[in-house]
Amino acid sequence: MKWSLFLGLTVAAATTSFYSAAAALSNHNDPGFVPGRYIVELSDGDNPLDTTRQKFVDLMEDAFGKQSVSIVDTFDHSLMKGVTMQLNTLLQPNDNDYLQRDDGSIIDKMLSKIKGHSMVTKMYPVRMLSSPKVSFNAIDYKLGTMNATAMWPHRMTQVDRVQQELKKTGKGLVIGIIDNGIDYYHEAFSNEQGKKGCFGKGCKVAMGYDLVGDDYKPHGPDSTPKPDSDPFDSCGKRSTGHGTHVAGIIAGNSTLIHGVAPDVTLGMWKVYGCYPTTSEDVVVKAMMDAYHKGVDIISVSIGSNNGWSESPMSAAAQRITEKGVPVVIAAGNDGLNGAYTVLAPAKDATLVGSFDNNNFYTNYFIDQNNTFYPYRPSQTGGAMSNGTLAAGDVHLGSDHDACDPDQVNEKVKGHIALAKEGGCSLSTKLINLHEAGATGVIIYTHDDIEIYDGVKLTAAGNDTKTTLVTTFNRVGVKLANALAEGKNVTIHFGKAGIMPYPTGNTVSSFSGVGASYENDLKPDIAGIGGSVFSAVPVDMGNYGVMSGTSMAAPYIAGSIALYLEAHGKNQEKTTPRFINEQLQAYGYKAPHSYDESDDVDTPLRQGGGLLQLYDAIQQTVHASPSRLSFNDTANQIKSHTITVTNHDDTSTASFTVLNNVSVALHPFNNSDPGYPFLEPARYSNDSVSLRFSKKQFKLAPGKSVNITISPVIPSTLEKYTMYSGYVQFKSDHPDKHKDLAVPYMGVVGNLHELKVFGKGTPFLSDANTTRIYEGDDVYECSIANTSTYPVFYWHLARPAAHISMELYNHTTGAKLGLLKPTNNYDLPRSTSDLPYYSNAWNLTFIPTGSSTGSDNMSPVSPGKYHVVTKVSKWLGKGTENHTSATILVKS
């Protein structure tokens, strides 16, 4: 049995686009799991792991033969003992179609035997983890015109004050990075004596390991790791440069970059080869090894788009934090896919969102008034020639500029055309403007969130070879207004340089949005992740700009090193939980909009806000816990208690308690009866009131007070509104004690009542995905012809903790048993990027009444059948059931 998560279809494509995309989608395997691979935690009393492992292997070989199971790797750490196991019936390395060769009966027997054994304490399917989605721009740093310090974000986060006033640089602390390796020959990683190209004791990069080797892929012939002791990124121009960039953010030190903790010692655990995918078991082993080697902080900018908290990475992170080592994890870059797109790490791990830098490196053009404007070029059509601007549409600024050739402004001939995005593809706009005689095209976006990446621009530019660039909405509107006023706008294209970022000091558009699938409030805190200048491998040009929560997480990791240096590593104030609480309480709460709006952004995007490290270190009043979730109305937590403690030795603190409301988030399209997720989410000024047990209080040195908080939800709030804000403790004497705040959130309504299956799903199709079968349709297949076996498809409109499939005799209505998929737990919701799951059935089933569920797998006989797919409801008991079309099985 196979699970798949299909790429490229939207929910609406369940009927029309499905057919046209069928050929490309056929037999596409799940990108989320390594077929047949599992992490198995083992426990066998006081026996050593080698003995327990061998007993486990002997058990499997006795049951299924000597080639049935192989041990890929071993975990032998104090916090986790076990193996990574490969079920070999799934793996045919010499067969190009090995991913489709899945004998479900054998696999399910194995899984049942493993799970049922007393020495097995926990079992996880192994997820594949793609290299994080970050944007990268190489920078020609030798131009001599670049003031690199303008790209440093330390003033935004108070890191500059900690370095300069408190003289903290991370000296004596070690940060372990889990990533794709490091180019330690880079000048930014020289040791104190100025020596570069150095790895090991006395070097900047003093420890680490390559867990996989350069050729590693998580599945297929190269799926066996080939580790070595050197974490050097030797992939050359095939490298993403991700690990080197992350390391530079933390501790890079050269004339061009100055890391958060420039004197910290680094460890690098390389978990990627030169192929941009790894597996979760490798990452877990790296985390455990870093902890075992004695690092003080672990930084992980890796993860899958899954908001469930049950995963081996989460288990590892929680166990490590419970031992006093902070684990910092990137929140993910899927924020434009709406709510519930953050990762869900362990409770006490630090999940980090992203803010945009105040300045960014960009191409620019200059108008006749010597005003500079940022833009992004395509890679085709050559350099844009200087010229005069003309409106590209007779109704410039509409929702469909230059989409209709008849509406293209005839004045564009011989001029640079300006048009707004939307209404049609970039290619269509470009073709229409090119045919009207435009010498070049400037497209401005409908907002200032982001401008198109070079890939999309290049694809569009290939159609005409006309030069195309894009710019921000505010730039386009200003130029359009000038044209509307009859002004002559001339443009000169200059070189790249540093300019103010239009969205600086606000949450990055890509940053993952909370909450977790269990409605825990995440992310925790935000660092600078949008447009971060740092080191990249020498083969990639030495320096460059990347954007992603991958950049924000190491920024926070480096900041925690400064925090630990300031407070000492073994004090009460340096537990991972206390640090999280302190960072969140004193973060900068940004507005929702970058246009000087007074509306505070939701903690579902920014957590406790942007790091303000100096305040977090220096302020002595502390609030616990770090975040509050009131859940949804049907399962509402009626109240929470915050404990505020004054750790000052001499000064009394006094505060007024306020409800600092933020914008509310609307996750679903409520006008659609299926309540699909909005991508991106919608925001409003809706809010709730809070009741406080105390509205004012004073705290003598060393004293604490408990404040109970209860929400008062207006009946007028729209269904499923995610309300949020901050319980703010406003200081009566801000010169002595600053304000601090605790974020809160809740959901109006009952999420459990929402349908889990998306509109039009589940449905059946054939192996070639040429037709949909549902309702009264009859699907015919042959036992003798595997190419006719049916495939089930569904769209998960909500996350699903569990899915099961029951087989029935269609003629008698009798339940025969179960179709048991290999990986049927903790499935993420579908998105527009990954809209469909699929499950291919091999015509075997687990008979009803089997003692273990899998030891008696049986093939079906010729006859009529149907399948009832049951998916667990979100946040509660019960299932949602769907009956398939009739399946007529012939011999």
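Backbone N, Cα and C atoms are what each Cβ position is placed from, and that goes for glycine too.
What TrEMBL annotates here:
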SIGNAL    1-24  signal peptide
DOMAIN    170-574  domain 'Peptidase S8/S53'
ACT_SITE  ASP179  active site, charge relay system
ACT_SITE  HIS242  active site, charge relay system
DOMAIN    394-456  domain 'PA'
ACT_SITE  SER550  active site, charge relay system
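Counted within 10 Å of its Cβ, the other Cβ atoms near HIS242 (active site, charge relay system) come to 27, all protein chains included. Cβ-based neighbour count (10 Å, all protein chains) for ASP179 (active site, charge relay system) stands at 31. Cβ neighbours of SER550 (active site, charge relay system) (same chain, under 8 Å, six or more residues apart in sequence): PRO132, VAL134, HIS242, VAL246, SER301, ALA330, ASN333, GLY529. Mapped onto three states, the DSSP output places HIS242 (active site, charge relay system) in helix. Mapped onto three states, the DSSP output places SER550 (active site, charge relay system) in helix. Sorting the domain 'PA' (394-456) by DSSP state (H, G, I as helix; E, B as strand; all else coil) yields 19 helix, 10 strand, 34 coil.
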